[in-house]
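The structure appears right after this line, and notes come after that.
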Amino acid sequence: MKWALVLSGGGSKGAAHIGVIQALEEAKLRPSMVIGVSAGSFVASLYGTGYSSSEMLSITRKYHDHFLFDFDWRWAWHALLGLFYKICGKPSLSLWPRIPNGILRGRQFERLLERIWDQQCLDGTSPPVVITATDLVTGSSICFLPKGLSPLRPLPYRRFLYDVPIARAVRSSCGVPGVFQPLYMDSMALVDGAVRSNLPADIAQALGAEKVICVNLRNPDLPGHSTKNLIETMLRSLDILGYETDLRTLQEGADLVLEPSVTMSVFDFSQIDGAVQSGYKTTLSALPEIRRILESPKKKIVEKERPLSSNHLQAQIPSKPQIRFNGRKKPLA
């Protein structure tokens, strides 16, 4: 049975993915492929390049303090300059277009990622790793994948690329709009993969996965810390905005959804140990259902042509009865 593990974004909450992988490895359940979005791309890449769960946690602890040391101070300079002009009675809107398109440049983040993977590409990752980002120019999901893995059918607004360094792919997938500046590659302006889809189960199916298990860290119903600053407010808004899209994706493509109860804010790395434990316990409670799903026959996917602007074929997938696990004793239907 060919099955995919899809790891969503979630900032520091992504540490829960480490616990999920730990529980699956202990149960000797190894996915045929792992698809990572944003924070999920970081954990997926560590997993695919041979790091154990304890090593993943150690790396996360070691590097998290450095992720934000890359401010673009031009915004402060232009704000002060604008204030000066206003005081002098000479307001000028021409200053606003020069404000940078992200608080953090992301160069330091990419250098840190290169310390882990250097210029290594996704070829040879085991299990094969797929990373998604979003192109602001076309609105498409950009899928970085290893050679030997290719889509079985075309998908609208999806583009598949090979031979991209892991560090660059992860940097683009984690580029939260407004926080990180876009990563420019060829004619693309790449930002967080979750902007287009936080749980791309359709991509997993297009790559041949017969079963799809998703780990969802974006749930607006979970109680969390109140937003304390501009970044947290913006990220919380994106979570709420994207959740309806996630629900549609999950209904069409996911066989099982794991939802670890992680209530910390996306930049709160002081609680990553608790996030790992939440992911681990949630997966342990779901193991019987995971085994049942992986042993059950796959559903038939019928291809039908739709009047899409891209003239692609799109799979008509029947809605799947979902089991959702959030770490409680009983699964949520």
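Even glycines carry a Cβ here, placed using N, Cα and C.
Here the structure is a predicted model, which means the values were calculated and not measured.
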Matching range for TrEMBL feature annotation, motif 'GXGXXG', among 9-14, 123-128:
9-14
Restricting to the motif 'GXGXXG' (9-14), report the mean pLDDT as a whole number.
92
With Cβ-Cβ distances below 8 Å as the criterion, list the same-chain residues six or more beyond the ends of the motif 'GXSXG' (36-40) that contact it, or say none.
6-14, 17, 129-132, 173-174, 176, 192-194, 197-200, 215, 217
Test of understanding: give the count of other CB atoms lying within 10 angstroms of the CB of Ser38 (active site, nucleophile).
31
Determine, from DSSP, whether Ser38 (active site, nucleophile) sits in helix, strand or coil.
coil
